[in-house]
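Quick look at what TrEMBL annotates:
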TRANSMEM  29-52  transmembrane segment
TRANSMEM  76-99  transmembrane segment
TRANSMEM  119-141  transmembrane segment
TRANSMEM  161-177  transmembrane segment
Amino acid sequence: MQARLSSSPIGLAGPASAKLVRLSRAMEWVTTVGIVLIVALVGAAFVVPSWARNLLLAKLGDIGNRLPLDAGNQTLAAIIIAVPIVVMLWGLVNVRALFGEFACGQVFTATAATHLQRFGIAVLAQGALGPITATALALALSLGNPPGQRLLVLTLSSNDYVSVIVGGVLIAVATVMREATRLADENASFV
């Protein structure tokens, strides 16, 4: 027989609960500010050409300096960069909601586990999207170059690897949270 996961709150008590509530409220604000800044700064990066160039340099290194960046390429780069940015924002919206759950004392709930799992998926996806984005940028922006001068860039950093590992850990912890919720619901039904 399989128990149904509920959204009933299973939280912490005492001083640990008060600390978690304070931390969660602060992190809700930090996450909100981060979301707003990411949207504003990435948007501005593709309106101000020198910022777009700096973004390419950060993503591709010196090769980013050699790629043509006219209005068409700037739009193409914005579309390519939008994919990992949207994934990141989706993850941040979910982690913000997770902190909101924690701030309300809802720690071990199916909803909290879902938000944590989604954040973990976003973190893991960032690890995979890093190299894919760099390759797509170099290919797309060098397509207009004459044959022999088109670029294929393959990058892999320790940050990409760590994102995959941390994302996997978060997904595993979300699974444990779901199981804890299921067990607590099951135990509550015995009483």
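Here the Cβ of each residue, glycine as well, is placed from N, Cα and C on the backbone.
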Go through 29-52, 76-99, 119-141 and flag the stretch with the largest number of C-beta pairs under 8 Å relative to the transmembrane segment (161-177).
119-141
Are there residues at least 6 beyond the ends of the transmembrane segment (29-52) whose Cβ is under 8 Å from a Cβ of it, and what are they?
69, 74-75, 77-78, 81, 85, 88-89, 92-93, 95-96, 99
